[in-house]
Amino acid sequence: MTPPDGSLLVARDLRKSYGPTAALDGAAFSVHPGEVVAVMGPSGSGKSTLLHCLAGIVRPDSGSITYAGRELTTLSDSERSALRRGEFGFVFQFGQLVPELTCVENVALPLRLNGTPRKEAERAALTWMERLEVDDLRRKRPGEVSGGQGQRVAVARALVTGPRVVFADEPTGALDSLNGERVMELLTDAARSTDAAVVLVTHEARVAAWSDREIVVRDGRSRDMERSA
Amino acid sequence: MSARQYARDLGMGARFAVTGGREGWVRTALTAVGVGMGVALLLLTTALPGVVSARHAVEEARADYTFAVHPLPKGDDTLLLADTGTWWRTKSVRGRLLEPEGPKAPLPPGVDRFPAKGEMLVSPALGELLASGDAQLLRERLPYRITGTIGAKGLLGPRELVYYAGAEGLKPKAGGARTERLRTFGDPQPDTAQADPVLLMMVLVVFVVLLMPVAVFIAAAVRFGGERRDRRLAALRLVGADGRTTRRIAAGEALAGSLIGLVVGAGLFLAGRRIAGSVTVMGESFYPAYLDPSPLLALLVALAVPACAVLVTLLAMRGVVIEPLGVVRTAVPARRRLWWRLLLPLAGLALLYPMFGQGHSGGDFNQYLVIAGVLLFLIGVTALLPWLVERAVARLDPGPLSWHLAVRRLQLSSGTAARTVNGVAVAVAGAIALQMLFAGVQGQYEKNTGKDPSRAQLEIALSDHSRVGPAAAAIARTKGVRASVGLATASLGEKPRDADAALDVIVGDCASLRELAHLPSCRDGDTFALAGPEYGTEFDRASRDAVLRPGHDAYIDPGYADVQGLSVPVAVPEHLRWATARGDSLMPRANGLLVTPAALPKAAEPALSGEVFVRMDQALPDVQEYVRNTAARVDPVADIMAVTPTETSARYTSLRTGMLIGASCVLMLIGASLLVSQLEQLRERRKLLSALVAFGTRRRTLGLSVLWQSALPITLGLLLAAAVGMGLGAVLLRMSAAEVTVVWPDVLALTGVGAGVVLAVTLLTLPPLLRMTRPDGLRTE
């Protein structure tokens, strides 16, 4: 169930400190189903912390986060883990693929975490790998593929469970521009085709251009940006 | 390449080891702790010969026995000394009564004056114990006033319990009795005999077996942080360093880590040395001053450890191609080959084979061949294990997710897993071999006494037969005593002098004699010949026939060429009554006449030695202490021994004790190093583990995966260790000319201990795993 305004994930007045450092200081955020929102800001501005709070990875010190009508900040660790397993997908800057698993096993991993049998999970994984044009890497290990290929495998892994929100933290940060463009194209296309919202943390305007809306985080506070035509 | 360039590269590597912020320091600290623990143990090993010789020197210097057949004549330089050593619960107390007979009487080492009668000098530890109030029963036994302290020169260690008490009226006895007349302290016949070859071989094997895992762990510790180092080296390649330069930089980094490890090791050793004086290990304590490493061996450690660190690093980098684009690819690993790995134990066997059966002939074992052979066997474990793990995990199919993650990780880097458990596998293989060897040769060093500890738990040898009656009566009244049996013995020959055969005369009342044999009927004045189908050798039977000739005289306490005996004739009755020895006799080796008091000629009484056997309620706490106190009151010089079914050679026992102490140290080191190495691996994967948790992986799944990653290689490692250990054990037993038998419970127990160490360490890594997998591990700032 989504809130009246149609937002899938809404955060209000988020505050989070690490020791004396305030990473978030009253940040706000919202995203609709199928919408791609870019979170921008300089290094250390708090954008990754905002993403981690939104995804239920880190609990904020105060403020509220509502996902599909449920208050995330009051959920237990295991409830938030279950939410991440079933409803969210993740793409990190360096892919963070498990080096000892093959690419297809990496993509199938979130399904296996949900209890899907291995063969079935790998079949579904292969479908996504085909969509992201990396199905020929299925038997290779992450150490044997290029950065761009690895990142596409990571995108397939983020989408394989059919998440309602994909969190992408600097997904092209380690790629050259050509590979970065391709990854963004595949990620946003795939997300839109499944009506999944995308929360995209980046500091590159070129990457943010793939989004529908931009939010700038500076000194722990967020601000909606008007997009110029 | 100039030496300067070389030094610059090594220096840069060394800087990397100590710079790089917290991350770098943690990595270097882990390496230093890993290497340091190994170095500390190596230094301890180099100090052991010094400890042994220092203790041996004290032992020889304070030796207070003679092998004189006749007592020395009294003089102004003689000392009467009675051995009154006792036990306090499980601790041995060395005690002596001293009576100087002139102004030049020798002082024991560590003592500057003789205590007067009623006074005693005590070791610091005994003084402490007596003052603690915890040893009230011991204080009752040593009722002397404490007037001084025994110095370190007279003690084996700071925790040794020793006293010297003043006495008057001691009577010297010759032939190893508890009271001697001395002119000097010191071993009258210093030990120059050649060491038993089997024991010497066991010493060598113990050293190799205990030190090998230490070397394996040092090698593992210098490889901590390898992945991060490779990434750093790739960055250096990018700015122009060539392959050789990166290797030198890596060598410099390893060198720095190992040098810091040496310092940490020396620090740990010195810290351990400081507290060594306050601990007791298996009843033994040591003066810190004894723990001085041999300078040559310490220098060898100081050189070998850094050299080993560099060598291991360079060997480890063989399969790594470090490219300038920040990409570190492991070269496609060649399949591990079996043939050369098998050659190692086979070469070990080839070296040891020529010494098969040598334990019989008493000949020397070539110590270099023994060391090399055992080393090759154990290195075989470290070489075979990676092959075995690789082959075994290659065949495993993914199952549940935790198993899947573990199997895949092992398939990707089976070498790392094998390295982690190598030390445990080597230690277990060595321990199994040693255990087999000890069990196999135990019979050669253990004598069956034939005594049954359920019939009597203490045996008290009195200084004078006349004390038998009062002692037995007093002990019978002692708290916790169920029965006491007093008997007196002397020897019996067929001639008054130079008897060819010797039997025993055992004197006691009918009830006491019934503790030895089934008597048909008995009253005071009766005499019986002791017989039993189960006792005695052919020689015993022949002696009996020679001495017990009905109608002839036999002689109590016959004299010999240099010993004046009483030679009291005793008539062997025409119709000698035979008594069958009990299967559980209190004196199972007795062979001769059983005599009731009225049947013993009065003249023979001075030849008798008295003994009291004591049956106690062992459930009563301190029951032995009550008995010892009673015995000490009746006869201060009484010798009280626990009845045991076997007696074991002192050298064999001390070697076994040494092995157990060493094995405990090695196991502790293995556990600690394994923990450090697993934490290091977790730390390297921290970000990945956090990412896995971020997308919802249950921590239980990760925990189980870590458990499987340890359990699989350790299972294989222990199987291999059991096989190699039993093989090596069999070879060592063949060398000792002992029968090859496998004590399966021991093998299972040792492999169980190895598995337990790994399991415990894995469980200890779970809390850090949970901490490291917190989602905030994803933060980079």
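Heads up, the Cβ atoms here are built off N, Cα and C, so glycines get one too.
Owing to the predicted nature of the structure, the values given are computational and were not obtained by experimental measurement.
Summarising model confidence by region, the domain 'ABC3 transporter permease C-terminal' (B:205-318) averages a pLDDT of 81. Feature annotation from TrEMBL assigns domain 'ABC3 transporter permease C-terminal' to B:205-318 (among others).
The domain 'ABC3 transporter permease C-terminal' annotation in TrEMBL covers B:663-767 (among others). When DSSP labels each residue, the domain 'ABC3 transporter permease C-terminal' (B:663-767) comes out as 92 helix, 0 strand, 13 coil, counted as helix, strand and coil in that order.
What TrEMBL lists as transmembrane segment is B:198-222 (among others).
Sequence annotations record features per position, and here TrEMBL assigns transmembrane segment to B:254-276 (among others). For the transmembrane segment (B:254-276), the list of distant contacts is 10, 13-14, 16-18, 28, 31-40, 42-44, 218, 221-222, 224, 286-288, 291, 293, 301-302, 305-306, 308-310, 312-313: same-chain residues at least six beyond its ends, Cβ to Cβ under 8 Å.
Taken from TrEMBL, the feature transmembrane segment covers B:296-317 (among others). Beyond the transmembrane segment (B:296-317), the same-chain residues lying 6 or more positions past its ends with a Cβ under 8 Å from any Cβ of the stretch are 35, 38-39, 42-43, 45-46, 215, 218-219, 222-223, 226, 247, 250-251, 253-255, 257-259, 261-262, 265.
Taken from TrEMBL, the feature transmembrane segment applies to B:338-356 (among others). Here the transmembrane segment (B:338-356) has Cβ contacts under 8 Å with residues 365-366, 369-370, 372-377, 379-380, 383-384, 387, 724, 727-728, 731-732, 734-735 of the same chain, all six or more residues outside its ends.
The feature transmembrane segment is assigned by TrEMBL to B:368-389 (among others).
The transmembrane segment annotation in TrEMBL covers B:417-438 (among others).
Listed as Cβ neighbours of the transmembrane segment (B:658-677) (distance under 8 Å, sequence separation of 6 or more from its ends, same chain) are residues 30, 33-34, 37-38, 41, 44, 206, 210, 213-214, 217, 220-221, 224, 281-282, 420-421, 423-424, 427, 431, 434, 438, 753, 757-758, 760-761, 764-765. The transmembrane segment feature in TrEMBL is assigned to B:658-677 (among others).
Residues or ranges marked as transmembrane segment in TrEMBL: B:706-735 (among others).
Marked as transmembrane segment by TrEMBL: B:747-770 (among others). If you look at the transmembrane segment (B:747-770), the same-chain residues 6 or more away from its ends with a CB under 8 A from one of its CBs are 421, 424-425, 427-428, 431-432, 435, 667, 670-671, 674-675, 678-679, 682, 689, 699, 702-703, 706-707, 710-711, 714-715, 717-718, 721-722, 725-726.
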Out of B:368-389, B:417-438, B:706-735, what stretch is closest in contact terms to the transmembrane segment (B:198-222), meaning most Cβ pairs under 8 angstroms?
B:417-438
What are the DSSP helix/strand/coil residue counts across the domain 'ABC3 transporter permease C-terminal' (B:205-318)?
91 helix, 2 strand, 21 coil
